[in-house]
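K.L.:
Taken from Swiss-Prot, the feature topological domain 'Extracellular' covers 1-48, 110-124, 189-211, 286-300, and the record attributes it to similarity to another entry. Sequence annotations record features per position, and here Swiss-Prot assigns N-linked glycosylation site to 21, 28, 39 based on sequence analysis. Per Swiss-Prot, the feature transmembrane segment maps to 49-74, 88-109, 125-146, 166-188, 212-236, 265-285, 301-322. Feature annotation from Swiss-Prot assigns topological domain 'Cytoplasmic' to 75-87, 147-165, 237-264, 323-370. The site 'Important for G protein-mediated signaling' feature in Swiss-Prot is assigned to 110, 130; the stated evidence is similarity to another entry. The disulfide bond annotation in Swiss-Prot covers 123-200. According to Swiss-Prot, the S-palmitoyl cysteine annotation covers 334.
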């Protein structure tokens, strides 16, 4: 069957699929999951320097992102005061990011070698995690924005709606919705021999030239466009509300916290949109039949794809800078060993001082010989 796109473009752009974060069609009509765009098999030449740069970026993002997101989850689980509705959603976001970051060493190896060496089971797992991350991240940010809208625009109703238990239920629903896509692609994904090299592919059902574009457009709409539209509506209503009143609650401190948390969620959403828009636009344009015609354009596409992964390690940094509670908990965690050592030294000094004082007192009470 004839490819939907010109062969030279696919020979340059594709090899093994494992990179990127938007769905496309490969020459054999296999649908690639979102983060799985960039590689260099099918005989395409990928300069070693570019390979090393991409792999180095992946490893840096993996290490930094895992440390940050694991710390976020630990802080939320460890401290009771951190178990708010907003932080429950943040935990879900960190969990999804942690899962996808764990796939980066495998995807980096795939980039470096130019083929998939890890077998069928791991291929299915990586594909499923990519789709789960894409949908759970978008849905969680949407839920956070709706949660902020309720807190700002309907403060009375928020007392009943915005509870940690209900936020946990929403998180479960988000993963269930993501399973509508995640489970089927895991079933359809497999490591196959394509052009004498092993590729990790998602085989779409026949007729591929119909279901491929339909699937790609649906992924684009439901994982990006619709969530961004809902988020935009929520924040538009919140801005109008915030401009219309001086105090949202009876307390200036509570009002300050509401605005601070709303600003945090807005920044997290903005960074998500900023990181994902470039690759989403690239893939949408390709879906409309316009392909990059230069090596520079292909290189830009590769790094736009990597930018999607960078988003997964930025969120903990945003929490540390924009949320006082997270900042305090992070500082407490990082300074704990030093503080323990200082306390041990202080206790030792006090013990020595006490012994010296006792010795001096004893010497004063002992009668001196005449």
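Placed from the backbone N, Cα and C atoms, the Cβ positions cover glycine too.
In terms of burial and nearby residues, how do these features look in this structure?
P.N.:
Among residues of the same chain six or more beyond the transmembrane segment (49-74), those with a C-beta under 8 A of the stretch's C-beta atoms are 19, 38, 40, 90-91, 94-95, 97-98, 101-102, 104-105, 107-109, 111-112, 299, 302-303, 306, 309-310, 312-313, 315-317, 319, 326, 330, 333.
Residues of the same chain lying 6 or more positions beyond the ends of the topological domain 'Cytoplasmic' (75-87) and with a Cβ under 8 Å from any Cβ of it are 144, 147-148, 162-164, 166-167, 261, 265, 325-326, 329-330, 333.
Beyond the ends of the transmembrane segment (88-109), by six or more residues, the same chain brings 18-19, 35-36, 54-55, 58-59, 61-62, 65-66, 69-70, 72-73, 76-77, 117-118, 122, 125-126, 129-130, 132-133, 136-137, 140-141, 143-144, 147, 164, 167-168, 170-171, 174, 268, 309, 312-313, 315-316, 319 to within a C-beta distance below 8 angstroms of the stretch.
Across the topological domain 'Extracellular' (110-124), the DSSP tally of helix, strand and coil residues reads 10 helix, 0 strand, 5 coil.
Within 10 Å of the Cβ of residue 110 (site 'Important for G protein-mediated signaling') there are 30 other Cβ atoms, across all protein chains.
Residue environment of residue 200 (disulfide bond) contains 31 other Cβ atoms, counted within 10 Å of its Cβ in all protein chains.
Over all protein chains present, the Cβ of residue 130 (site 'Important for G protein-mediated signaling') has 28 other Cβ atoms lying within 10 Å.
Note on the topological domain 'Cytoplasmic' (147-165): residues 83-86, 88-89, 234-235, 237-238, 241-242, 248-249, 258, 261-262, 265-266 of its chain, located 6 or more positions outside it, place their CB under 8 angstroms from a CB of the stretch.
Long-range contacts of the transmembrane segment (166-188) within its own chain (CB-CB distance under 8 A, at least 6 residues past either end) are made by residues 31, 33, 85-86, 88-89, 91-92, 124-125, 127-128, 131-132, 135-136, 139-140, 143, 147, 202-204, 219.
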K.L.:
I'd like to know which of these recorded positions, 123, 334, is least surrounded, judged by other CB atoms within 10 A.
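P.N.:
Checked 123, 334; of these recorded positions, fewest Cβ neighbours within 10 Å: 334.
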K.L.:
Rounded to the nearest Å, what's the C-alpha distance separating residue 334 (S-palmitoyl cysteine) and residue 123 (disulfide bond)? Just drop the number here, would you?
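P.N.:
One finds 36 Å between the Cα atoms of these residues.
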K.L.:
Under DSSP, the topological domain 'Cytoplasmic' (147-165) has how many residues in helix, strand and coil?
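P.N.:
Residue counts in helix, strand and coil order: 16 helix, 0 strand, 3 coil.
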K.L.:
Please work out the mean pLDDT for the residues of the topological domain 'Cytoplasmic' (147-165).
P.N.:
86
